[in-house]
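Straight from Swiss-Prot, the features:
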BINDING   His58, His87  heme b binding site
DOMAIN    1-141  domain 'Globin'
Amino acid sequence: PNKALITGFWSKVKVDEVGAEALGRLLVVYPWTQRFFEHFGDLSTADAVLGNAKVKAHGKKVLDSFSNGVQHLDDLKGTFAQLSELHCDKLHVDPENFRLLGNVLVVVLARHFGKEFTPELQAEFQKVVAGVASALAHRYH
């Protein structure tokens, strides 16, 4: 991936907003992913999900972690080793969900940045989200 392009763009991302929306959209668009978040309270409608404080907080946490990955693009596997262990061994999250969240993140970035999120930038971010998803799924292999 083009590190300079990615890190330069990422510095403009409002992690709390984008993270909250990305996780919220994942739970709405792919409702079966909600089973990992049943303890978050009301997830019965799109408005409930997107307004849920626990969803917002976890979305920020997810994107803070992704930000850390953006700073360590050469070692995604090492960067996400502990999170991979947690999500795979303890939470038993289907690794496909990591790919889905990555794709939702790209949609949210496009929504927030419009024309600034060029096809070239999208291509770079698809590589990054694929790399992060692969690193998170590492414990399954």
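Any Cβ shown, glycine's included, is placed from N, Cα and C.
Counting residues per DSSP class in helix, strand and coil order gives 117 helix, 0 strand, 24 coil for the domain 'Globin' (1-141).
Here the domain 'Globin' (1-141) returns a mean pLDDT of 88 for the predicted model. Shown in sequence order, Leu23, Phe37, Phe40 are the residues of the chain, 6+ apart in sequence, with a C-beta less than 8 angstroms from the C-beta of His58 (heme b binding site).
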